[in-house]
Structure formats: C-alpha cells, structure tokens
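What follows is a short report on a single structure.
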C-alpha cells in the first residue's frame, strides 16, 4: 500500500451488517478509553407515535442517527467522551441544551463541533467548510445561555465533553431539518444514489462513503467542456474552475486523501470506478459561475469484484487493505 495511506491516526468506521435492519459500528480508539467500540442498532430508528419523543441515556462514546432527548450523567470521572450525530444526506442537525450541570471552572467542558473530527482529521475539511476551524467549535463554558441551540452546516455534527464529578451531566434535544442543497455529506450506508447540485455558488462539496465501493457516475453537468483524466503528473483538472474529483484514503479528512481521478467535462452516460480504500470521496469544485450537478450511485466493493476488475476502474490504489 502506498505510504500516502499509512496514516498514524485511528479511524471512524461505519459498517453495514445483518439481513434485516442495518447494524452500524462506530470505532473510536483513544488513550484511556476502556470500551472504545459502540454498536448502534437500526432498532433505534423505530417508528414513534405522533408527539412521542425518543429518550435514552448517552454513553461516553456514542453515535446517534435519530431525533430525541439524550442525557449523560457521569458515574465516574469521564475525561475523553464524544457523541457523533449523523442524519440523512438532505438533513441538518440542531443540538439544543436543555440542562447542563458541569464544573467549567474545575476543568470540565462541553463543546459542539460543526462536522466530525477525529485524531485531528476533520470532515468537512477546512477547505470545504464555510466557517474557519475556530468558528466551528461552540464551547458551552464560554457561551453559556447565549447560544443554547447550534445547527450544523451538513448532515453530521458532534459533541465532546469532559465531566469529572460523578452526578454531573447534561441533557440535549436533537432535531433535524431539511437542507435544500446538501453539500458536504457522510453516507450512513455503503450503498445508495445521490444527486449533488451546486447552484451558482463558489464552494466545494464532498460526499464521503466510509467503505470500499464501486461508484458509478451517470450524469455530470458542468459549465464547460474539457476532458476526463486519470491522475497523472501531466494530466489533471488544474486551472479548471468547475470539476469533480474522486479521492481515496484511510482517513476522515478529504484534503489529506489521495486524488484518483478528475472529471472535467459534462456527459450523460456511465463512468464506473472501483475504489478499494477505507474511505471514498466524490468532491465537486465549483467556481460559482454555473449550476453544477452530478448524479452517482455506489455500493460496497466485495472481494469477488476486486478479483474481476474491468476497464474504467481505479485498480492500483488501496486494494491490499480489503
């Protein structure tokens, strides 16, 4: 495997399993965590009757994909805790503090991060987010009652916290709202279909799939015609204002991933690629001069598919990790 993929950080991994209902795993490894593995079952996405609010306690390391009210109460000093929130691609997440009882002066903290961050790697990357890194943090100990509700800029957000005194804790309510033009997205599942539209906006948007996948681009509309290039020293979309690139790697941050292919022209048809990396990202770069649109579908790459590689596939990257 190329050295570019030999990251020293640990990873967020979400896997699909079970034939009835999906089971996802969130793996977070950190010094001092005794139980770094969390099983998140699709049972949590049960149908609730009208007006009923789903409630449960939070673990030190947790992941949530549904709305509801969630409470954390420390039973012992908890120094390295985090909760990851994820919605559907077209959803934004709002986190509201209902109750907070922590000792800010004694070293406790409770922070919301707009996106996901793990071992210093961020999604969306700093290049693709409208806010600076410092603006993406909202510290309760600094804002207090001034900002009790925080809404994400994409379908993922997180809180991380330290609570040292047993009995202290907090309660948050999580709600979701519609996002008409989803930009940066982490997929909850290893298969799906998505259309990304950037309407006359100067921004970069990344769709992250935390699985090895086969990705098939069926429709691409850009504001110019150029060419399609596999990444080589003498061929790329450098200097082109609007294009789509495919990235692969083993980390969370798209800006630290390896560029695999550029697509610089509009087309209707099919461009299929197999990418055996732990994380695959489709990233659209938009100058703001045009309405750019890309439609693609993807499914998890299995071992049999790696043995029968066809044309128009990225074969030389990442496959040893499967």
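Note: Cβ is positioned from N, Cα and C throughout, glycine not excepted.
Feature list (source: TrEMBL):
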SIGNAL    1-21  signal peptide
DOMAIN    52-177  domain 'Corticotropin-releasing factor binding protein N-terminal'
DISULFID  60-81  disulfide bond
DISULFID  104-141  disulfide bond
DISULFID  183-205  disulfide bond
DOMAIN    185-306  domain 'Corticotropin-releasing factor binding protein C-terminal'
DISULFID  237-264  disulfide bond
DISULFID  277-318  disulfide bond
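Taking CA atoms as the reference points, residue 277 (disulfide bond) and residue 183 (disulfide bond) are 22 Å apart. The shortest Cα-Cα distance from residue 81 (disulfide bond) to any of the disulfide-bonded residues (104, 183, 205, 237, 264) is found for 104. Across the domain 'Corticotropin-releasing factor binding protein C-terminal' (185-306), DSSP helix (H, G, I), strand (E, B) and coil residues number 7 helix, 69 strand, 46 coil. Closest to residue 264 (disulfide bond) in space, going by CA atoms and restricting to the disulfide-bonded residues 60, 104, 141, 205, 318, is 205. Summarising the environment of residue 81 (disulfide bond), the number of other Cβ atoms within 10 Å of its Cβ, over all protein chains shown, is 20.
Candidate disulfide-bonded residues: 104, 183, 237, 277, 318. Fewest other C-beta atoms within 10 angstroms, 104. Neighbour list (residue 205 (disulfide bond), Cβ cut-off 8 Å, at least 6 residues apart, same chain): 128, 182, 183, 184, 196, 198, 283, 284, 286.
Looking just at the domain 'Corticotropin-releasing factor binding protein N-terminal' (52-177), the mean pLDDT is 94. Non-local contacts of residue 141 (disulfide bond) by the CB criterion (under 8 A, 6+ apart in sequence, same chain) comprise 102, 104, 108, 109, 110. Cα of residue 60 (disulfide bond) to Cα of residue 237 (disulfide bond): a span of 44 Å.
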